[in-house]
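Taking it in order: structure first as structure tokens, then the write-up.
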């Protein structure tokens, strides 16, 4: 084969027997993910993979570290073409024939969550191939519907920068310092207290020794994680006279009406809608129960960080436009032009990122669930320190 790249050369053992129910996928890795898989193979540990619809998460355990990657599954050969997986059986006698294992119908693209990559990989460029090759969504109107062609953008962990810091909001850290650090997460919202990172259990252990200020008696739960805003959260109802029309697009999706409201992210559920985590996670009474809560916390927090990064990156453009339109007087030509621009960009956004509403609701749910679990853990630890 002429023009074959060096990365595609070499020999590989066929470790499975093709069968009728065998699914073949084209795997796309960036350099960080490839190195992590190689390290995992050297350590002879088994990775853990979890699917959630057309996306999922891959965890590669190792000695003293744990790599977490997200991935999406998309179709191959959407333009009428197709891809087949072939292999060549190398034998000492007889011709070396090519054998077709089957068609590659789906492609699995893996991105890295940089906060969980071991130290040797942190020096690598964290921009994935998808970041370098893909264009911004607002620069293209003719992209096919499906998964957003945008790579995961990393949101830094406030606790990862300094392992010796205490929890934000404690007596050993001024609130002003936390406000500055939290400003990059969200605008027009009170600073929120982050949760410990799932990258390392050691971080959580170090945070336990930090003094915690007592909350007011009526406020049992600590402030929650930073939460990504809606794409049009910067637009108030007064600034958006056409919001009812925006919410009724070609597919009749009326859920947009909720996301246009500034208060939509903070609306409390109705009394009859009791979240399941309130029933599942009650007051902690033992160390074993605390450990189980912490394990559940780590699992959900890994998913939350990925969703928060995706939702936050996607809505950043509309946050800027919302702040810009607030500075203009209603009824002026400038206000009308910008309003029309927001409408057009949002239509392109919905076409490019159809799963945004679903991911945002999931992110908000995890936001509240993790805050509830963390509050129970801190309450139990504070009770034990006092005894």
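A Cβ is built for glycine as well, from the same backbone N, Cα and C atoms used for every other residue.
Since this is a predicted model, take the numbers as computed values, not measurements.
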The annotated region 'Disordered' range in Swiss-Prot, which must be one of 105-126, 127-148, 149-170: 127-148
Residue from 240, 268 to which Swiss-Prot assigns phosphoserine: 240
